[in-house]
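Worksheet: one structure, shown below.
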């Protein structure tokens, strides 16, 4: 029997907090739009990181959340403002002067911006040079649609399990796999908060969603097996079988009737989602 439980009261945002989340979310989305024309063959991922750093700090007057984040025993703090995950890198790829983008690469850029103490977290895929293989193109499309399938379940009274079940069912129907070891998360003044938003699982299980909750949905979808491997830098995560991986992420608000996408980008058609 699947079990559900109520969200802690601290996770329910006030109207003022929600407005600050909207601002942070919009800024994060703007970074992904700003960087797009800079992504081309011959550019290093470190160059992209430098451009994003300057934009967040000097144009947005905001704080890059990833810079200096996550120090732990045996793991250094992350020293960049974006994660740049190319091809078989699942997540948390470290920008590098030596990582030069090539035509046909698929690149994920993940950015989190802090404004007035609140976080906006989002990521998306880019095809370097505009063209890639059929499998890579399909993988990126499935990863985005998987995120949307999860988002479509979000409304008061549904559960975290409903999100994961919808994502897993769709991805596996497309003959791809969903990464298990990394997940979405609650977000607000805390970067990574409750609940953990798994991208697989059973419907009608886990935390029950309520109006005013904010969290991310960010499925990582692999062309091969779902298992991953952590590299020696203690950040970079790659597919165990070296297959391609793709990911999309939005920060979301549970509304009275559905979901509001706090990190929406202008080119997205979000008409299927009821606010």
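Note: Cβ is positioned from N, Cα and C throughout, glycine not excepted.
Here TrEMBL flags 19-256 as domain 'Peptidase M24'. Per TrEMBL, the feature substrate binding site maps to 92, 192. What TrEMBL lists as divalent metal cation 1 binding site is 110, 121, 249. According to TrEMBL, the feature divalent metal cation 2 binding site maps to 121, 185, 218, 249.
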Mean of pLDDT values spanning the domain 'Peptidase M24' (19-256): 99
Expressed to the nearest Å, what is the distance separating residue 192 (substrate binding site) and residue 121 (divalent metal cation 1 binding site) at their Cα atoms? 10
Specify the nearest of the binding-site residues 92, 185, 218 to residue 249 (divalent metal cation 1 binding site), where nearness means the distance between Cα atoms. 218
For the C-alpha pair, I'd like the distance in angstrom between residue 110 (divalent metal cation 1 binding site) and residue 218 (divalent metal cation 2 binding site), rounded off. 10
Divalent metal cation 1 site, defined by 110, 121, 249: further same-chain residues with Cβ within 8 Å of the Cβ centre: 28, 111, 112, 122, 123, 216, 218, 251, 263
Which same-chain residues, if any, lie at least 6 apart from residue 185 (divalent metal cation 2 binding site) yet have Cβ under 8 Å of it: 192, 193, 194, 195, 196, 197, 215, 216
Secondary structure of residue 218 (divalent metal cation 2 binding site) (DSSP, helix/strand/coil): coil
